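One structure is given below, encoded as structure tokens.
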Amino acid sequence: MADLKEKVDLKSAKKELIVAVRECRDRGLVQTAKWLTEQSAALKPLEPGEFPAFPTDTPDFLQEYDAYNVARSYYDVREYDRAAHVLRDCGSQKAYFLCMYSRYMGGEKKRGDAMADSLGPLKAGQDQCGWLRTLREELHQKESDLDGYSLYLYGVVLRRLGLQQEAITALLSAINKEPLHWGAWLELAMLINDKANLVALSVPNHWMKQFFLAHCYLELQMNEDALTQLQGLADKGFSLSTWVKAQTANAYHNMRQVEPAVDLLKQLHAEDPYRLDNMDTLSNLLYVKEMRAELSHLAHSVCQVDKFRVETCCVIGNYYSLRGQHEKAVLYFQRALKLNPNYLSAWTLMGHEYMEMKNTSAAIQAYRHAIEVNRRDYRAWYGLGQTYEILKMPFYCLYYYRQAHQLRPNDSRMLMALGECYEKLDRLLEAIKCYWRAYSVVDQEGMALVKLAKLHELIKEDQQAAAFYTAFVQQSEMMGTVDVEEQCQAYRYLANHYLKHKDLDQATFYARRCCDFASTREEGKSLLQQISGLRSNQGDDSSLSQSIAEGRPAVTPVTATPTSSVPPMNLTFTS
């Protein structure tokens, strides 16, 4: 799938958006209409004589207009079954879609009501999907006559029934007929599992494709590609789009570049203080930065706007979590899930809170619900791995950490967790591969080198162990974030290693470094005495060399240059 290279005709795009907004509103697709209006508002206004002509209603629709009109009023007040009943005999495309979509929404409402008390999906059973199968059969009978909107609904039903390939076919047909229907693009994106699937898609060469690509790249954790697409949209005229700005912030968030993400989301909040979209993401970032005052201010702000929005509940939940009040945090995440049982962030965050409360069974349940909502949520897979690690079940950990690594192949945290799992299972070569890869993609915790050193020490590869210990102490001193215990062990090993190999200068240097720490001071003194005895035997009474005074070892072991764009590592090892 090639990216769009030509410049978007903004005036034509604006006209298309205006028409699409009306078409979606007529069909009750309010979320898509909202998104389209925001993109339209980001473009330059049209002159009075430039507004597009809206499609003419068909004669059969005009004959059914009264039924459609009253059904639409019922739909707007969420009386879905009543709306569908009014339109049951209507045959025009618009009325037929509203009838079928009302039936779908009615089924979803009943399902949501049943889930509210249990805060989780219902057990699989015949009754759970019966209404979806009925809708599928009826839509399939008229598939050749369906318009783009009804094909979209058919694709949604197929996806919900697990018929992924059929759903992709239906959604591609819907997009080709109605390329401005953003809801169809989003449903299609949920069926894309990797870049190969994305490239294989045959979607219309419409300017909406670039929005779709940016969204898919973000979902697939291809954040640099997503930023490129988003910057392209901004350059082509959508620089004022709140969606483009918010998705850019999400890309920075995924890349753990907290400052630019916070700045963009704060800018959006300042421009529109009543906008609650993405404010839960901002609260996550403020939580990570431990900015309690800013998070408190955000929580009060969103609560004043609408305390019954899922984003508001998540912001308040994060605020209580930062204060260490995990029970209250769980309460607000549960409120968010009562409002929307498919809200991914609430499931994942609630899992984190249960982990803090040492309630591993509840944490597992929450993380598994998050995966049911979106299997591409690496945080849920990683959380499950951590939970089973607490339960000392390393084979389970290995499975879940592998899933997280597949979603985030260049995240050192996933690789370090995998390495520790392999180490516990005594699969040391696989562990070494993971730790080395973690170092290669810029080890965020700075522990990959010492892990590598310890493993090479364990398998009696002394030269490699010394090389990695040397690199570790250099890195620790450079970063200024030192794990004293690990550094002491590194100095102790290096002093003994160089003493064993009769490199007395290096041995003296590291023995003296051992003397700088209480835990290794006595051993350092003992080593210095041994070195002094060896020097006396060799008749070496000269002063120490300048290289020792400078305190730099002669070995520079690590030749790989850390990079954040190393291709994914094959972690399919044999037992």
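Here the Cβ of each residue, glycine as well, is placed from N, Cα and C on the backbone.
These numbers come from a predicted model, not from an experiment.
Here's what TrEMBL has on this protein:
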type	residues	note
DOMAIN	14-249	domain 'Cdc23'
REPEAT	310-343	repeat 'TPR'
REPEAT	344-377	repeat 'TPR'
COMPBIAS	536-548	compositional bias 'Polar residues'
REGION	536-575	region 'Disordered'
COMPBIAS	553-568	compositional bias 'Low complexity'
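Cβ atoms under 8 Å from those of the repeat 'TPR' (310-343) belong to residues 112, 115-116, 119-121, 276-280, 282-284, 286-287, 290, 292, 295-296, 298-299, 302-303, 349-350, 352-354, 356-357, 373 of the same chain, restricted to positions at least 6 beyond its ends. According to DSSP, the repeat 'TPR' (344-377) comprises 27 helix, 0 strand, 7 coil. On the 0 to 100 pLDDT scale, the domain 'Cdc23' (14-249) averages 89 in the predicted structure. Taking H, G and I as helix, E and B as strand and the rest as coil, DSSP gives the repeat 'TPR' (310-343) the counts 27 helix, 0 strand, 7 coil.
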